[in-house]
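The domain 'Sulfotransferase' feature in TrEMBL is assigned to 31-230. Feature annotation from TrEMBL assigns 3'-phosphoadenylyl sulfate binding site to Lys39, Cys40, Gly41, Thr42, Arg43, Arg123, Ser131, Lys239, Gly240, Arg241, Arg242, His243. TrEMBL lists Lys39 with the feature active site, for sulfotransferase activity. According to TrEMBL, the feature disulfide bond maps to Cys227-Cys234.
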Amino acid sequence: MLFLLTIIGFLTISSCWSEIFSYNPPKNLSQAIIIGVKKCGTRALLKFLSIHPAIAVASTELHFFDSYTNFQHGLQWYRAQIPINRSSQHIIIEKTPSYFINKSTPLRIARLLPDAQLIIIIRDPITRAISDYVQLRNRHRFYPSFDDWISSSNFTQRTPVKIGCYTQYLRRWLKYFPRHQMHFVDGENLIHHPWEELEHVQTFLNLPVRIHREDFYFNPNKYGFPCLRQTNGCLGLNKGRRHPVIANQTRNKLNDFYLTCNAKLKRLAQINFSWI
């Protein structure tokens, strides 16, 4: 029975790959994908981009390329999740933050969408780890403080900490995509000067700049997080949450850990963000 199930699973995935290899991608597949990174502002970035008249966005995270179940549904399933590309819209964007760290995703996207433009938003890895921790803490009634959480000897193996060493995942993507098909968004600057990051993204996508400073305002009830004027759009209540204050010892410990990672990221991604 186990052997039979294994064969069936192999044939299903093989069929999906066969469909991809023989497929000429239509225009109503994603031309740009926000592949990550989790807790760096992917949802805010997609929401901000959605007001551009030439951009259509998928309303949910599709998890096509990183999910065994969804991937075996094939391209017809993926196409059904993509918004209709109206004549005035030139680019379809989807975002699934877990794509960035998933081992199977780079090859799958490269096979199906070799010309896809990849958007990667990253931020100070310490801030990212704290944000990830806050989300975990809110899901559990009893949870240690962030300082206690980092004080353990194996803290570098905790997923929220590991993700912030971005280069270990970026190397996988660079095996299948050239650097010029990637654009890095500074998640810290997106919070304080979103129009600057949006201008860079629009230029990367070869679109006229239609998103400007006057499209944003800062909501004091969301700890100063930017919101959109034209849609009265602020992110949900679970976004823009207050972070705990951490001890200097904890911050120094994380700084030491990320020092080498950030130096490698600067060279590999060819970026020079202020927090690196």
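Placement of Cβ uses the backbone N, Cα and C atoms for every residue, glycine included.
Taking the binding-site residues Lys39, Arg242 in turn, the residue surrounded by the fewest other Cβ atoms inside 10 Å of its Cβ turns out to be Arg242.
When the alpha carbons of Cys227 (disulfide bond) and Ser131 (3'-phosphoadenylyl sulfate binding site) are compared, the span between them is 19 angstrom. Counting every protein chain shown, 17 other Cβ atoms lie within 10 Å of the Cβ of Arg43 (3'-phosphoadenylyl sulfate binding site). With a cut-off of 8 Å between CB atoms and residues at least 6 apart in sequence, the same chain places Ile121, Arg123, Val185, Gly187, Leu190, Ile191 near Gly41 (3'-phosphoadenylyl sulfate binding site), listed in sequence order. Averaged across the domain 'Sulfotransferase' (31-230), the predicted model reaches a pLDDT of 93. For the disulfide-bonded residues Cys227, Cys234, the ranking by surrounding Cβ atoms (within 10 Å, all protein chains) places Cys227 first. The Cβ of Ser131 (3'-phosphoadenylyl sulfate binding site) has 20 other Cβ atoms within 10 Å, all protein chains considered. Taking Cα separation as the measure, Cys234 (disulfide bond) is nearest to Arg43 of the binding-site residues Lys39, Arg43, Ser131, Arg242.
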